[in-house]
Amino acid sequence: MKAILLLAIFSVLTVAICGVSQNYGNVRYNYTELPNGEYCYIPRRRCVTTEQCCKPYDTVNNFAACGMAWPEDKKRKVNECYICDNELTLCTR
């Protein structure tokens, strides 16, 4: 019983320190409806054009883009939405 409790505490601490995998960075984006009735695509979602990707609230310092990336299965490159920082050229993926 003590081992199970220690394992549970360790798991909670690990998640609290490392965070979760759905963290898109500290860049906030505007989740809006597109003209075709769909909603914009969040970062890491596959896209065809940049217009499909959610735009950041701060458009002066950040921009959204649709670019090539290796998916998790690493079979072939696909287009995914990004939000990038203008000055640092860092993108959340």
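Glycine is no exception: its Cβ is also placed from the backbone N, Cα and C atoms.
When the candidates CYS81, CYS91 are compared with Swiss-Prot, only one is recorded as disulfide-bonded to CYS84, and it is CYS91. Cα-Cα distances to CYS66 (disulfide bond) place CYS81 within 10 Å, out of the disulfide-bonded residues CYS40, CYS81, CYS91.
Ranked by CA distance from CYS54 (disulfide bond), the disulfide-bonded residues CYS81, CYS84, CYS91 have CYS81 at the top as the closest.
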